[in-house]
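Peer 1: Shown below is the structure under consideration.
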């Protein structure tokens, strides 16, 4: 009895063979589904980082607004130059954060390198300031953005796999939602405090 011809996956990637063999997906799924199951956690992690960029961009947007307002009201009103320059700089950082966050949420390959560079810069700043928590967070983000698997997740091939497997979704953990909730509460507290401290 002749063996059946081996199925060839049209979406094969450099990691496809490893994904099909080591995937924790249920037996019987297609090669495309196996690859998606293999990468779904990392894909979800990358998208989650997009939310963190959104939160950071939101804080920077509020900060830029208060800096711009302080240029016309309060002690800095007599000298518009420095305040407006600071507001513009922070606003540009906020715009960068919104752009990177949106790109990560959509797995836009254009933002992977900028996100990697920002993570490395933040890691270096944390190292200089001996900020252990910052080192851990930004070290993880840098490794996440710089890995070969993440590079593949941003590729057009993986986009086709996502389009072919819309029924496969990653269920976010409760811990992640709790962390995002805490960060949101902290953001609201910072905004309210800044509003009360404003002249």
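Keep in mind that glycine also has a Cβ here, set from the backbone N, Cα and C atoms.
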Peer 1: Kindly point out the range from 21-41, 84-104 that TrEMBL annotates with transmembrane segment.
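Peer 2: Transmembrane segment, as annotated by TrEMBL, spans 84-104.
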Peer 1: For the transmembrane segment entry in TrEMBL, name the matching range from 116-141, 142-167.
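Peer 2: Going through 116-141, 142-167 one by one, TrEMBL flags 116-141 as transmembrane segment.
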Peer 1: Quick test of the contact rule: Cβ under 8 Å, at least six residues beyond the ends. What residues does that give for the transmembrane segment (116-141)?
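Peer 2: Result: 49, 96, 100.
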